[in-house]
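K.L.:
Please find one structure pasted underneath; my questions will follow.
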């Protein structure tokens, strides 16, 4: 029951002692009363405590070596990229912690958002997810191809922020220290070096819209998503401390790098560098190449950390299948163990799975579907076959030439 009187008897707040005449509203409970002022004060106390918890978390940011150790437990290969990400993430949250306690005359530290470049299935999304999980911060993923600039049919860039707020259970202060990964960023690059005279709905316009939230602004986000409407309540969120990681395959950027490096070889200058055909051009990418690919200079400037990921080799994919803490082979072994069955993969079978993933150009993300294809019938039949004690996956089974080998009691 809420009100200022209870059966016309004068009531007082049980917490501050003020009467109903001294406050705007008194809420009655079971033999207890609370005024609107104490409710507001309680909300402030809770908000401050939650904020202190967030700040306390930031003071315990793992050091780069510790972050790298975590990544090594889950991510195979990509050593240079993992090292670059570990340093960038550590510096970002060190900056956030420093900014909270800085004096006005201290050095103003700029954000160091991250651009990840690498082929499909090389681990870009998984790296970002693993970092967010290890830091215990809210994490959201967005697809750049679904975004359009304001006024066009599609998703506003502010909806990316809503996903982060939702991941933080609508705790805005916690969301303001989260991580957002924007995938397929290369798909909104301008095609070619000539600027189109027509309006670029999903290209440069989206880059400009993303630029505002990436560099740091107070954005108004519709609580239910969708387009903004007049008189609609908005959630205000400051993006200055949100770490943005953007990624894409950037198919063809190696040719841009080769062309740039090749131009230096053609001349007669003594500082010309010799290009090794076997060298990794991905590690040679600079801002000039990314701009030539089609991202605007202002956008590139807000992504000072560039982490290049390599195409995964057969040996890398085999390690991914077996080594990480959550390796797929371990997962399927655990699944069958619940039925009392041992699962074994022949070495040749693992090589066949990795080869298939490379042929399909799906990288690590295609490994699970290949195992599912191979084991579908087995996982269907095993629960009903109580005499089976072991399943062995062979190369022939992966290639569809025979069924997995079953051993019975």
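Every residue gets a Cβ built from N, Cα and C, even glycine.
Per Swiss-Prot, the features are:
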BINDING   13, 16, 35, 38  Zn(2+) binding site
BINDING   119, 120, 121, 122, 123, 124, 125, 126  ATP binding site
DOMAIN    1-54  domain 'ClpX-type ZB'
K.L.:
May I ask you to report the DSSP-based helix, strand or coil state of residue 35 (Zn(2+) binding site)?
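P.N.:
Residue 35 (Zn(2+) binding site) sits in a strand per DSSP.
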K.L.:
Note the mean pLDDT of the domain 'ClpX-type ZB' (1-54), expressed as a whole number.
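P.N.:
Here the predicted model's pLDDT, averaged over the domain 'ClpX-type ZB' (1-54), is 77.
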K.L.:
Between residue 122 (ATP binding site) and residue 38 (Zn(2+) binding site), what is the CA-CA distance rounded to a whole number of Å?
P.N.:
54
K.L.:
In the same chain, which residues outside the set 13, 16, 35, 38 have their CB within 8 A of the centroid of the CB atoms that define the Zn(2+) site?
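P.N.:
Everything else in range on the chain: 14, 15, 17, 18, 23, 26, 33, 34, 36, 37, 39.
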K.L.:
When a 10 Å sphere is centred on the Cβ of residue 121 (ATP binding site), how many other Cβ atoms does it contain?
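P.N.:
By my count, 24.
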K.L.:
Around the Cβ of residue 123 (ATP binding site), how many other Cβ atoms lie within 10 Å? Please give the count over every shown protein chain.
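P.N.:
So the number of other Cβ atoms within 10 Å of residue 123 (ATP binding site) is 29.
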K.L.:
With every protein chain in view, what's the tally of Cβ atoms within 10 Å of the Cβ of residue 125 (ATP binding site), excluding that atom itself?
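P.N.:
Step by step: centre on the Cβ of residue 125 (ATP binding site), count other Cβ atoms within 10 Å, giving 16.
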K.L.:
What is the separation, in Å, between the Cα atoms of residue 124 (ATP binding site) and residue 13 (Zn(2+) binding site)?
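P.N.:
One finds 56 Å between the Cα atoms of these residues.
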K.L.:
Which residues, same chain and not among 119, 120, 121, 122, 123, 124, 125, 126, have a CB within 8 angstroms of the centroid of the CB atoms at the recorded ATP site?
P.N.:
118, 247, 309, 363, 364, 365
K.L.:
Can you tell me the three-state DSSP label for residue 121 (ATP binding site)?
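P.N.:
Assignment for residue 121 (ATP binding site) reads coil.
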K.L.:
Out of 119, 120, 123, point to the one nearest residue 35 (Zn(2+) binding site) in space (Cα versus Cα); all of them are binding-site residues in the record.
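P.N.:
Closest candidate to residue 35 (Zn(2+) binding site), judged by Cα separation, is 123.
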K.L.:
For the C-alpha pair, I'd like the distance in angstrom between residue 120 (ATP binding site) and residue 38 (Zn(2+) binding site), rounded off.
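P.N.:
Between the alpha carbons of residue 120 (ATP binding site) and residue 38 (Zn(2+) binding site) there are 55 Å.
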